[in-house]
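Copied over from TrEMBL:
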type	residues	note
TRANSMEM	A:21-41	transmembrane segment
TRANSMEM	A:61-79	transmembrane segment
TRANSMEM	A:91-115	transmembrane segment
TRANSMEM	A:135-156	transmembrane segment
TRANSMEM	A:168-188	transmembrane segment
TRANSMEM	A:208-228	transmembrane segment
Amino acid sequence: MKQPTSAASRIMMEMFWHQGSWAIGYLVIVFLLNLALGITGSSSNIGQDDFFSIIYRSTKGFMLVIGIISSFGFLSFYVRHGFTRRDFFKGAALAALLLSIAFPLVVGPVSLLLSAMNFSDTGNSPVLQAFEHNWFLALASFGIQIFVYYLMGWMIGSGFYRHDWIRGLGFIAIAIVLVGFMDALWQFELASLWDRWMPAFTLDVPLYASLAGSAVIMVLGLVLIRLLTRKVTIKLR
Amino acid sequence: MNLDIEFDRVSIRYGDVEAVKDMSFRLDGGKIYGLLGRNGAGKTSLLSVLASFREPSSGTVKVGGEQPFENAKIMREVSFLYDIDYKDESDKVKAAIETVAGYRPRFDTEYALRLARNFNLPLDKPLKELSKGMQSAFNVTIGLASRSPVTILDEVYLGMDAPTREIFYRELLEDQERHPRTFILSTHLVSEMDYLFEEVIIIHKGRFVLQDDYESLTSRGVSITGPAQKVDEFTPGLKVLNVQQLGSTKSAIVYGELSEESKHAARRAGLELGPISLQDLFIHITGEEQGT
């Protein structure tokens, strides 16, 4: 009889592999889009922005979406195959963390490479300028924020999976507040995403406060997800 | 590895609706059980609790003496196959088999591939492109090859044609012979599948009705046919499930073993005694127009 390997680490690796392949597809599409708009001289923001700035913004949406998708698809799949909700929670959270680390590790060097090849003007990147050209800080902030966006997607998906749509909407509201707060902690991002729907505010805080605030949001998100999924009924479909 | 199953006063509620009411029964490990009930009887709800898809609203379920819910040791030994929706599943059949092989500790990949061949499953086709019957055959393949000590097959034959269902029944019996475990088969096709069952559990409107081994259950049902007056004289005191009358001839279906003396008396009175099928018994027990 085969000895089962650690259930959570198996789920982590499988989900990382699966979502990583989506991420590669997404990066290729953004790159090609960036290239096409750059060549055609589009006057849109996308055409003008450098690769890193575009990825910095759009990956949040990507992580939010795969967080939502993963919440119910993968949960049903793993419980159906004899895994506990607890192991799924651990494995999925670790996979999201790995993905949030892998993104900056891939995007940073690729941006530099594109800049060196004159495909993208990373030197004038608005995002990098906001971080005073500190690549480490820019990439760390990128990783932290996309991880939070994934958690928010997972929380929203879990809210809809467990409850009716009215309470599901409540989790969207919680996510908007938490994401708004996090964006404010990282100062310049809020306006670009939320200013159409909610009043923009920025918090002039030192770096350690941004990190601590983000950590609190992550813990809060993880606690809410665990509470939602701890005893959730798996739908038969 | 045989795991006994015990339901103790299990109730399952969906809001104000009580799908399963105070159900208690025990299944000894290593047998094939038929779980029979009409639509909405609570079969799938009951089975989802056993598979840890949900917790009971009240009462306890134990598998091998332990609560299964969120118990990794038990959950990996319980397989629950039902009409799974594969519309978004782009994995190919062979890859999907290999994936499950990594999850189930007793999975036999060679056997799974052999079953897939017997069912004519195209190994290189994505699950979402399989026909309904083929998807059901895939579920059966996974259910049998997992060799889980508790294997629940809830209406897994949907869309299968008759020859494929025959392969399923034959494989089930053959593999049970080689690797005995607990199968729970929930079905509407009672007449077609009754020979598979060692024991039968009948539930109705969320309540437990009876549990008995197949032989005793069918031997306890007797049809008594003859002149209406003679049948009426004979049946008082017996549990009559159903009565049908055509002209002056009446036929009563009785549940409960008749003594040798009663059988002689019936024959002396010109009454004809006959066996009844599990399907008849099921229909009469769960029918709306039950006898008294």
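The backbone N, Cα and C atoms fix where each Cβ goes, and this holds for glycine too.
Quick caveat, the model's predicted, so the values are computed rather than measured.
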* **Contact ranking winner - A:21-41, A:91-115, A:135-156 against the transmembrane segment (A:208-228), Cβ under 8 Å** => A:135-156
* Which listed range (A:21-41, A:61-79, A:135-156) shows the maximal number of Cβ pairs under 8 Å with respect to the transmembrane segment (A:91-115)? -> A:135-156
* Asked: Same chain, outside the transmembrane segment (A:135-156) by at least 6, Cβ under 8 Å from its Cβ: which residues?
  -> 52, 56, 59-71, 92, 96-97, 99-101, 103-105, 107-108, 127-128, 168, 171-172, 174-175, 178-179, 182-183, 186, 189, 207, 210-211, 214, 217-218, 221-222, 224-225, 228
* Structure fact -> Within the same chain, the residues 6 or more beyond the ends of the transmembrane segment (A:21-41) and with Cβ under 8 Å of it are 47, 51, 54-55, 58-59, 62, 66, 99, 102-103, 106-107, 110, 119-120
